[in-house]
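Before any comments, here is the structure.
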Amino acid sequence: MSPDELVYLGILAATIPVGFLFRYLSPPVKQGAALLLGLIISIATCGIHTLHSLCTVLGTWIIIKINWRSAPALSLAWTFLYLLFFRLVTWFGLPQPTPFANAIQLLLTLKMVSLANEVQSYHLERKKEVSTFTKSPVVAGLSHEPSLYDIISYSYCYVGIMTGPFFRYQTYADWLQQSSPLSLPGKEPCLQRLKMVPVYGLLFIAVNSVFPLSYVRTEDFLEHNYFYRFFYMVAIFFVFRMRFYSAWCGAEAGCISAGLGCYPQGALSKPGGGPTVKYSPDPETAVEYDFKTIQNIDCYNTDFCVKVRHGMRYWNMTVQWWLHHYIYPNAPFRAYALRAGWTMLISAYWHGLHAGYYLSFLTIPLCIAAETAMEASVRARLGPAGQNIFDWIHWFLKMRAYDYMCMGFVLLKASDTISYWSSIYFVIHIIAIVCIAVGQFMKGGRKREKRERGEGEKEDAVREKAE
C-alpha cells in the first residue's frame with residue numbers, strides 16, 4: 001500500500017470510534033466539533049490547498065445569496081469550472097494539489113450543487129405555502145435557508161470528508177437535530193458493515209501483488225498469449241473492486257457510528273437522497289431504522305446483477321443518485337442511451353481530465369445499447385429456460401465489459417488504454433457492435449413477420465367474406 005493509502009486507512013479507522021462519541025453531544029456542540037475535526041483533517045492532509053475548497057464554498061454561498069432562483073445552474077457551472085482550474089493550477093504557476101485535496105474537492109462539488117438545489121426548492125415551496133395557505137408536500141425539505149456558518153459546517157463535516165459517501169444538507173441537518181441519538185442503532189449495523197472489510201482488504205493485497213497494474217505497461221506483457229492478456233483485466237478489476245469495497249464499507253461504518261443517515265425504515269430512504277415518503281411512526285410499535293441514505297456500495301449486486309445499466313446503480317450509489325437527479329434529467333437528449341452517454345460524460349469530467357476516464361465511461365452507453373437491442377430481439381423470443389441461459393451469458397459479458405472499462409479508469413492515459421484494448425483486439429467494443437447489429441437485423445425480421453402476418457389475416461378475412 002502507498003503512503004497516501006495508509007493515511008486514508010488511518011483516517012477511516014479513526015472516524016469509526018470517534019463517531020460513537022458524537023452521539024453524546026448536543027446539536028450546537030456536535031456541529032462545531034464535526035466542523036473542527038473536518039478542518040483539522042483537511043489542513044493536515046492538504047495544507048495550503050485547503051483554500052481551493054474554501055473558495056468553492058464561498059463562491060457557492062455568494063451565488064445562493066445573490067440569485068437563489070438560478071443557483072442550481074450557476075453553482076453547477078461555478079463548481080465544475082473551478083474543478084477545471086483546480087486540475088490545471090500548475091499552468092498558472094501554482095503548486096499541484098495533493099490527492100487528499102482532490103478527494104475533498106470532488107465531494108464538495110457534489111455537496112454545493114445539491115445545496116443550491118435544496119435552497120431553491122425551499123424558497124419555491126415557501127412561496128407556494130404563502131399563496132395557497134397549505135403545507136408543502138415536499139418530503140425532507142429545508143426548514144430555513146442555511147447560514148454561511150451552516151454551509152461551512154456542512155462542507156467540512158468530518159464524516160466522509162475524503163471518502164464519501166455524499167449526503168445532502170438536509171441529511172446533515174437531520175443528523176444535528178436527532179432527538180435521542182444514543183437510542184438509535186449503532187454497534188450492530190456498524191459491525192455488520194465491517195465484517196467483510198478484512199476479507200476485501202486481504203484479497204486486495206494478495207491479488208494486487210500477483211497482478212500489478214504497472215506490468216500492463218511493459219513490453220513483456222505483450223509477449224504473453226491472448227488469454228493471459230484477457231484474463232489480466234479480470235484480475236485488475238477484481239483488485240479495483242476489493243479496494244473500493246473495503247474503503248466504502250469502512251466509510252459507511254464511520255457514518256453509522258455517528259448516526260448520520262439513520263431514518264425509520266418506513267421513510268423508504270434512497271442512497272444519497274434520504275427519505276422519499278413522510279413517515280409517522282405508530283407509538284405502540286417499535287420503530288426499526290436503517291442507514292440506506294449513506295449506503296454507497298452494494299457488493300453482492302455489483303458482482304451478480306445481470307445488466308450493465310444495473311451495475312451502475314449498485315456502485316458508488318450516493319454519487320449515482322446525484323447524477324440521476326441533477327445531471328440526467330437535464331441532458332440535451334431524449335433517448336435513454338444518449339442521456340446515459342451525457343451523464344457518463346459529466347461523470348468522467350467530475351473524475352478528472354485523464355483520457356482513460358472518457359474512454360471508459362463513454363463505452364457504457366454502447367454496452368447499454370447492445371444489451372437493450374439483444375433483450376428486445378433475442379431474449380423476448382425465448383422461453384423461461386432460454387431466458388435463464390441468456391441471463392447467465394448476459395451476466396458474464398456484463399462483468400467482462402466492466403473489466404474492460406476498468407482498464408481505462410486505472411491506466412488513465414489514452415495511449416496506455418488503447419494499447420491494452422488493442423492487445424485484446426477491442427473485444428468488448430466489437431461484441432457490443434455485433435450485438436447492436438444482430439438486434440437491429442432481428443428487429444427488422446420481426447417487423448416483417450408482423451407485417452406478413454397482418455397481410456395474411458387481411459387476405460383470410462377478404463376470402464371469408466367472398467365465400
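Glycine is treated like the rest: Cβ placed from N, Cα and C.
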Among the residue ranges 34-57, 154-177, 298-321, I'd like the one that Swiss-Prot describes as transmembrane segment.
34-57
Quick check on Pro185 and Met1: does Swiss-Prot annotate them with the same topological domain, i.e. the same side of the membrane?
no
I want to check the contact list for Asn316 (N-linked glycosylation site): same chain, sequence separation of six or more, C-beta distance under 8 angstroms. What comes out?
Gly164, Phe244, Trp248, Asn296, Ile297
With a cut-off of 8 Å between Cβ atoms, can you find at least three pairs linking the transmembrane segment (194-211) to the transmembrane segment (74-93)? Only pairs 6 or more residues apart in sequence count.
no
So if I exclude everything within five residues of the ends of the transmembrane segment (34-57), which remaining residues of that chain have a CB under 8 angstroms from its CBs? That is, six or more out.
7, 11, 18, 22, 78-79, 82, 86, 95, 97-98, 100-101, 104-105, 108-109, 112, 151-153, 155-159, 161-162
Folded-back contacts onto the transmembrane segment (231-260), same chain, C-beta under 8 angstroms, at least six residues removed:
8, 12-13, 15-20, 22-23, 159-160, 163-165, 167, 171-172, 175, 178, 181, 184, 186, 189-190, 193-194, 196-197, 200-201, 203-204, 207-208, 210-211, 213, 215-216, 221, 291, 294-297, 299, 302-303, 316, 399-400, 402-404, 406-407, 409-410, 420, 424
Grab the same-chain neighbours of the topological domain 'Cytoplasmic' (212-230) for me: Cβ-Cβ under 8 Å, and only residues 6 or more beyond its ends, written as numbers and ranges.
236, 239, 407, 410-411, 416, 420, 423-425, 427
Restricting to the same chain and to residues at least six past its boundaries, which positions have a Cβ under 8 Å from a Cβ of the topological domain 'Cytoplasmic' (1-5)?
99-100, 205
